[in-house]
Amino acid sequence: MVSPRTIRNLKREWRNNWLAKIGVALVVAILLVAVFAPLLAPYNPRSQSLEDSRLPPMGFTETENSTSSQFVNGSVQVVSERTTVNATWDHPLGTNQLGQDMLSRVIYGARTSLLVGALGTLLAMLIGVPIGLVAGYYRGRVDDALMRFADVMLAFPSLVLAVALVGLWQQAVWRIPDPFVAAGLAPSMPPDIVLPGTVIVVVGLVTWVWFARVARGEALSVREEEYVKAARSLGASDAFVIRKHVLPNSVTPILVLGTIQVAAIILLESALSYLGFSGTSLSWGFDINQGRDYLATAWWIATVPGLAIVLAVIGINLVGDWLRDALDPGLGGEGGSGA
Amino acid sequence: MTDDPLVRVESLQKYYYEQDTFVDRLLGREPQSVKAVDGVSFDIAPGETLGLVGESGCGKSTTGETLLALREATGGHVYFEGEDVFAMGDDDRQRFRRRAQVVFQDPYSSLDPRMTVGDIVAEPLQIHGQSDREGRRERAKELLERVGLSASQVDRYPSEFSGGQRQRVGIARALALEPEFVVLDEPVSALDVSVQAQVLNLLEDLQEEFGLTYLFIAHDLSVVRHICDRVAVMYLGEIVEIGETDDIFEDPQHPYTQALLESVPRAATSEHGRRVDALAGDVPSPRNPPAGCHFHTRCPYAREACREEPPAYDVGRNHEAACFRLDESHAYWESTPIAQNAADSEGADGVGESTGPDESPSEAD
């Protein structure tokens, strides 16, 4: 499937493109963090300690003005107190309003984001690519019917769809036992990985259209190639031609789009979590939502997961750009975002 | 030998209809058609090579693909060993696919760049469910060796081969199912001259070895003369002349064939500086072909009578040509010449410097 020429192009782009290196470094780092979260996180991301709440991240001090009314000599006096809260190395990225360690929460949030990003993209591919290939290969009425259906899906606001599906399925959630915890390596960590099923399905239903469109375009051009004609002259069935010729020759732009869509889906997942549809509380979007109420007093609760999203999305997009430039110079800047 | 043709094509038609828009349908407009192939008939005897020549866009490749039922014919019939190809059921059609093969012009586009040549050559066997994976691989190696490649190249990709080698792979694929009939759609047009000769020799050897019947589509007349037993000359979707190769080349009857042969550059010192009397004008659009004899707009002998369709006249020895000049008693001889063509031609070396042979363009349709 991967020809030597492809690898050559990838290497050439790799040498000339320092952005690609940054992107790969970011993605690899986030992947490692997500996989080894139980070993890396200093605290259980769910354990609360109210006395440590709203500690600022390292390098920042926070002054708190608290006012209280007190009876002094028979009259009520308003006393305002200024307390200075110092950051501690115990919580390098601070804590949220419940005293949960932000570093641990961001580390665990990477799991949710990458899982939803990868599985959502996979689902979108599984739906979109066959539809697109069939539409492009057969053209005519089949194409019209499938693509108009895709347009309808595209016109559907993803959040409304999410609300409707969550209403139907009650935030279906799969719990997968965490292998590190099960092996006894990190006994104090959450015992399972929460897979937000509804969010993955919603994300797949919202973004498959992009894959269908790209796959259709590729199929339209591949079907005119003489090797397709040759296969048909040998008596190959349509299914055989699509599977053996059209799909392998369409795969490059689909993969490139896939990387871009992972980033778009991470954003979409964050938006859904922010609105409370995720079904898990260990998500960057969920934390941003939590931090919204404290933006004036504890800005880091929303900012830290926000930065994590920015880094992940930039990293994945840089990898996508690298793949696109190396594999398919003709694709240009297209791709579209799902959010 | 000609009594029982392997392939018989009867008034084959392939029209392309322009997509009529909603407005067209509303106004009841007649859908416009492009008559790519307009009533072509010929027979090919077993073991014979029939050449099909003509300018780019005259419908030769379309003829080849339509007679293999790769494109749906608009009209006419094709009989393969007496069986109507267009009326075949699925099983018969699949058997026909096994017995009739095609080699395409472009050795770059006709091989899937993501498959190894071994897989490409074995693909026909896979499609027809013949033997297992290992057996197919062995057969692919055999075939590669038969067409002059090495069995060790079985795992290479097409991009690692030259044009001539790729065309050999294409030929090996066509031979995998041991067919009887092969349509060669300009198999050497895209190759260097030295490589052309090798591939042509290979095709001749294979024909002898396997008793193949060829339909050889080409625009290069010297190649056709080398390999073909009989030649059919096409112009604008119709066959204007058909006959034995030697008769066509030594004694062409149709003015178009004559012009085509005239335009071939020759490698002889006596030919140095020979003026090539190229045909005037361009090929008319097949969307709106001239009435009557399609060639009358460019024919140096055109007369008013040519606005009618000429029948094919038998000039003996299986040689037929469609021109009124072959009928000495036809009204053609009394009608008036059409002016604009006569000027260039009958005044022998007239004015108007000719621009060189535009008859054999290097690119095909």
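Placement of Cβ uses the backbone N, Cα and C atoms for every residue, glycine included.
Note: TrEMBL annotation is automatic and uncurated.
Annotated transmembrane segment per TrEMBL: A:18-41 (among others), in sequence order.
As annotated by TrEMBL, domain 'ABC transmembrane type-1' applies to A:110-320.
Under the heading transmembrane segment, TrEMBL lists A:114-138 (among others).
As annotated by TrEMBL, transmembrane segment applies to A:150-173 (among others). Residues 131, 194-199, 201-203, 205-206, 208-209, 212-213, 268, 271-272, 275, 277-280, 338-339 of the same chain lie 6+ residues outside the transmembrane segment (A:150-173) yet bring a C-beta within less than 8 angstroms of a C-beta in it.
TrEMBL lists A:193-211 (among others) with the feature transmembrane segment.
Residues or ranges marked as transmembrane segment in TrEMBL: A:254-277 (among others).
The transmembrane segment annotation in TrEMBL covers A:297-319 (among others).
When each of A:18-41, A:193-211, A:297-319 is scored by its Cβ pairs under 8 Å to the transmembrane segment (A:114-138), the top-ranked stretch turns out to be A:193-211. Long-range contacts of the transmembrane segment (A:18-41) within its own chain (CB-CB distance under 8 A, at least 6 residues past either end) are made by residues 101, 103-104, 107-108, 110-111, 113-115, 178, 180-181, 185-186, 189, 311-312, 314-322.
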